[in-house]
């Protein structure tokens, strides 16, 4: 009886059988020749093998019998079905493998990007250290008096130059830290039991709002209103900060000016009420100011000159006793309002972190600081450490707003508004109101945290409960757009600062801002 031969590679009966004179294994000629040309080895034993080592075998060409299922149409259909199922299973497996490879590639690219950033920062620090060393060497050569003169030069002469940059104290006093912790504990406890005001404006009321009035509160030459705040005790009294370097106090119920605060030499960047009688402001003239008074009559109580570049923002701690300023010099300063004293000046870990906006979390232990490098740094105020960084914006971030719910943060750059979840430390929603046709400029939450106002080519309100859909748009704004937005009590009014010199009050018919 004849013995059937099978190819050691395919397992099928070979049509052109060859045998290896080294191992004795039988192969299909076409398969083994291709393998040997590529590897030069025997596919079974792994030993070196050449095509000359393969001996052709002569075999009778027998007609292969059909398998029994292939002798009828139902059988053929069954075979085709089995082959189709096997093909689908293989396709599914390939898709799963593709997805896994894509995830691994994404992770590798992220790690590569992070490594590149670290390397760039280290190279920059190395270059700065080399430059400092070169300066010291030059000082040694120029002095000619040996080591003693070098020591005198290095320690004594630079002191006046650096005095303005140094923090007033090395750390925030423990008594102040204890006060911050106590305020945080109290507010965090209250926030868990927070009840939304029953008189909060409904989406229907917001939809029926309109621009009630427009007041020319700033100069026409440089009239943009960059920041708005409402007096905590008198909701009808509003303070506006302008590009004309002045602060205007305005009564929206009576429609009259109450006072004008001048003193800054360049445009304002932000203002905030610390209390009904204390107002804080920051400016591009490298200073922040504390104003005190009542009504519309305020006087400058202190000029703070700790920053060496533009002061981009000011934010008040919930205790109303302290505040923070952020600077384009990559530092932020923690101040005592009553003493008008800088308790701590914190320098950013990365010198490229020129801050563009700062904002306290409503519980007061976290500080958000936006940078010109499109990042958002989250600082822990107790130890003054950068504990988290949000990446995602493509352009510099110029506005931040924490929600009173305690776990949402809104950030605005020219191209979009992003919403971040502080519990998961990630971006969960991106709003692109103008789809690239205009820049976004301002963002503000209402006190309930249910509504978010966004300013740009127009002013519009998004609703958290309506899956971040737009519930109201105020389209009739100046050509250069909106620069600041601020909700009134219960979101029943919206104050809009525009690029012209007007303050617009939006509300329900007959209501006041």
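Each Cβ is built from the backbone N, Cα and C atoms, and glycine gets one as well.
The coiled coil annotation in TrEMBL covers 112-139.
What TrEMBL lists as domain 'U-box' is 1-74.
Helix, strand and coil counts from DSSP across the repeat 'WD' (261-292) read 0 helix, 21 strand, 11 coil. Annotated repeat 'WD' per TrEMBL: 261-292 (among others), in sequence order.
Within its own chain, the repeat 'WD' (304-345) is flanked in space by residues 164-173, 176, 179-180, 183, 187, 269-275, 278, 280-284, 286-290, 351-360, 362-364, 367, 369, 372, 379, 381, 384, which lie at least six positions past its ends and keep a Cβ under 8 Å from the stretch. Residues or ranges marked as repeat 'WD' by TrEMBL: 304-345 (among others).
Marked as repeat 'WD' by TrEMBL: 348-389 (among others). Distant neighbours of the repeat 'WD' (348-389): 121, 124, 171-172, 177, 180-181, 183-184, 187-188, 191, 270, 309, 312-319, 324-332, 334, 395-404, 406, 409, 411, 413, 420, 422, 425; these residues of the same chain sit at least 6 beyond its ends, with a Cβ under 8 Å from one of its Cβ atoms.
Assigned with DSSP, the residues of the repeat 'WD' (390-430) fall into helix, strand and coil as follows: 0 helix, 23 strand, 18 coil. Residues or ranges marked as repeat 'WD' in TrEMBL: 390-430 (among others).
The helix, strand and coil residue counts that DSSP assigns across the domain 'U-box' (1-74) are 20 helix, 12 strand, 42 coil. Summarised by DSSP class, the composition of the repeat 'WD' (348-389) is 0 helix, 22 strand, 20 coil.
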